[in-house]
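Here the structure comes first, spelled out in C-alpha cells, and everything after it is commentary.
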Amino acid sequence: MTEARKILVTSALPYANGSIHLGHMLEYVQTDMWVRYQKLRGNQAIYVCADDAHGSAIMLRAEKEGITPEQLIDGVRAEHMADFADFGVDFDNYHSTHSQENRELSASIYLALRDKGHIATRAVTQYFDPEKGMFLADRFIKGSCPKCGAEDQYGDNCEKCGATYTPTELKNPRSAISGAVPVLKESQHFFFKLPDFEAMLKQWTRSGALQEAVANKIAEWLDGGLQEWDISRDAPYFGFEIPGEPGKYFYVWLDAPIGYMASFKNLCSKRPELDFDAFWGKDSTAELYHFIGKDIVNFHALFWPAMLEGAGYRKPTAVNVHGYLTVNGQKMSKSRGTFIKARTYLDHLNPEYLRYYYASKLGRGVDDLDLNLEDFVQKVNSDLVGKVVNIASRCAGFIHKGNDGLLVAANPEPELWDAFQAAAPSIAEAYEARDFSRAMREIMALADRANAWIADKAPWALNKVEGKQAEVQEICALGINLFRQLVIMLKPVLPKLAADAEAFLNVKPQTWADLSLPLANHQLNPFNPLLTRIEPAKIEAMVEASKEDLAAEASKPQGNGELAKDPLAAEINFDAFAAVDLRIALIEKCEFVEGADKLLRLSLDIGDEKRNVFSGIKSAYPDPSKLEGRLTLYVANLAPRKMKFGISEGMVLAAGPGGEEIYLLSPDSGAKPGQRVK
C-alpha cells in the first residue's frame, strides 16, 4: 500500500477590509476541491488560511467607523468564515495575521535575515500628509497624471492612459485621506536585500514549482535585475512593530505570507500530533502548495521563497496561479449587478451549482475564467440535474416500489461497469493536475453512457411487462451503482450532494477506494430530490440584489461629508457660467489692512493690468508675505466694490469653511498671469 502523502495547502489571505465576492471565491473553491480530492485518496492534506489583517487601509476604515482596528478585523473575519463555510470551503484552520503566532514568526524571520546581512537601511523621501501626520502610500495620493493630464489618478499609475510613475511625478498631488497638499519628508526605512537570492531564485523558478507561463514572466523580472524590497512603514500603522525599532512597522506584505506559517502553527497547538518543523523545516519532506491569483505572483515567486531561504525554512513545492473572474465576458461590474458578493449569491442559489461551474471551466493555466450566467444555468441544469441526479431519480422509485428499497446483487452490463472502472485513473490524474475541467468532462461522459444505457433498457416500459420485474431490479441496481461511482468522483466538487447521496445510499462517507466495490443486497433509504433546476428568475433576482447592494452602499455617507454641510447650489446654464471671466493672477504684494479684522490687501498682476483686491482670508494666513509670488485664480469681471478701506476690483478664489480653514486656490505649474481659466 502506498504511504500517505503529507501535504500542506494554502490560499491567498483575503484582506480584512471587505466582503468576499465571487472573484475571491474562485480561488478558495478550487483550492478546497484539490484538498478534498487529496483527502478522498487517503492523503494527509491540511488546508490553512487566515485573514490578512494589517495595513493603513484597515486603520483608516476603523477610524472612519469609530471603532478599533481589532474590532473591525474581528467582525470581518466572522463574516468571511461564514461565507466560506456556506460555500463548502473546509479549512482545517482559519486564523488571522494579527495573532501572537504571526508576531513571533515575523520577528524571528526578520531577525534571522538581519543577522545574516540580508537587511539594509537607508533614508527615503516620500510624501507626508501634514494634517493626518502620516506618510502616504502610493494609493493614498491622488493628482493629475504627468503623462496625459487625467485628474484624480493614484500615485503610482494612471487608470486612463496606463502610465506608471512615482508619486513625486504626479501633478497637483493631494492626500486621498485628508485632501491636504502632501509635503516631501525623509524617513529611515528597512529593505530586504532580494538581489542576494538571485541565483537561488533563477534555479527555483525553473524547477517546476511554477507553471511555465508564470516562470517565463518571472524570468523577465529576473533578467531585468532584482531590486531591494522596502519592508517597513512608519507610524501610525496597524501592524507589528519591527523589533528594536520604535515607530517602524513591518509592511503588510512581509507578515502576510508568514500568516500561512502562523495559521499552521496555531493548528499545531490544537492538534498535538502535528509537528510544525515537519512541514516548514529546511529538510521537510512534506509537500507545500500555495494557490494564488496572478496579481500577487511577484510576492509568492520572488520575495516569499527568498525570505524562507534566508531565514532557514523550506521553500514551496509549487505555487499554483490562476486568472481573474469575468462575468458575462466583462470585468465584474457593480452597475450591471455582476459584482456579486458571496453572501448575495448564497441568498439566491445553491453554492454547489457554482462550485461545479467553476470546476467545469478551471484548467491548469492562468487564463481568466468567465462566469457566463446563461451558460451557468444551462450547464448546471443539463449536467447535474439532467445527467447525474437523473440516474438516481430514474431508478430509485422502481427499487422502493418493486423490492422495498433493497438493491439486488446484479451486474447486467459488465462492460459498462468496467468502463467506469477504467476511467477512474484518468479522472484522478486530472484532479491531481488541477485540470478540473478535464475531470468534469470525463465524468459527464460516463454519466451520458449510463443514461443512454438506462434509456435503451427502458425499465419504465419493462416494468409493465409480465415477468420482467426481476430484470427491472437488475437494471436499476446497476444504475444506482453507476450513480454512486459518479458521486464519489464528484465528491471533491460537490460535498453536499455527496453527503445527501450517501444518506440515500445508506453508506458511510465514501472514499476513492470505494469506487471498485459495488453495493449488493443492500438496503437503500427513501429517495428525496437531490438537486433542483436553476430557474432563470433566480439569476435575475441575484443580479438585481447586487445592484441593490450598490445602491445601499451609495446611500451610505461617502467622502468627507462636505456636501452635507454645504449642499450644492441650484443648477445654472452654460451661458451663466461663461459670463464669469476667471483669470490667472500673480500676487505681487499681500499685506494687512489697518483696522480690519479679517481682510488682507492683495496687489495682483493679471498680465497687462494690475488689480487691487480685498479678501477675507487673514485668519488663515497670519503671515501675508508668504502669499507673495503665488499664482491664484481671480474673478476679473466682478463689478468693483467700494469698501471702508478702498475699492476691491474683483475676487480671488479660496475653499474651506472659514476661520483657519481657508485655502487659496492655485493653478498647475506653467500657468501665466492673465490666462483665462476655462
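Every residue, even glycine, has its Cβ placed from backbone N, Cα and C.
Note that the structure is a prediction, hence the values are computed from the model and not measured.
Lifted from Swiss-Prot, the feature list:
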type	residues	note
MOTIF	14-24	motif ''HIGH' region'
BINDING	C145, C148, C158, C161	Zn(2+) binding site
MOTIF	331-335	motif ''KMSKS' region'
BINDING	K334	ATP binding site
DOMAIN	576-678	domain 'tRNA-binding'
Which value does the mean pLDDT take for the motif ''KMSKS' region' (331-335) in this predicted structure?
88
Determine the minimum-neighbour residue: among C145, C158, C161, listed as binding-site residues, which Cβ has the fewest other Cβ atoms within 10 angstroms?
C161
Shell list (Zn(2+); ref centroid = CB of C145, C148, C158, C161; cutoff 8 A):
P146, K147, G149, A150, Q153, E159, K160, G162, A163
Fewest Cβ neighbours within 10 Å, where candidates are the binding-site residues C148, K334:
C148
Cα-Cα, whole number of Å: C145 (Zn(2+) binding site) versus the residue listed as 'ATP binding site'?
26
Could you state the whole-number distance in Å separating the C-alpha atoms of C161 (Zn(2+) binding site) and K334 (ATP binding site)?
23
How many Å separate the Cα atoms of C148 (Zn(2+) binding site) and the residue listed as 'ATP binding site'?
27
Could you state the whole-number distance in Å separating the C-alpha atoms of the residue listed as 'ATP binding site' and C158 (Zn(2+) binding site)?
21
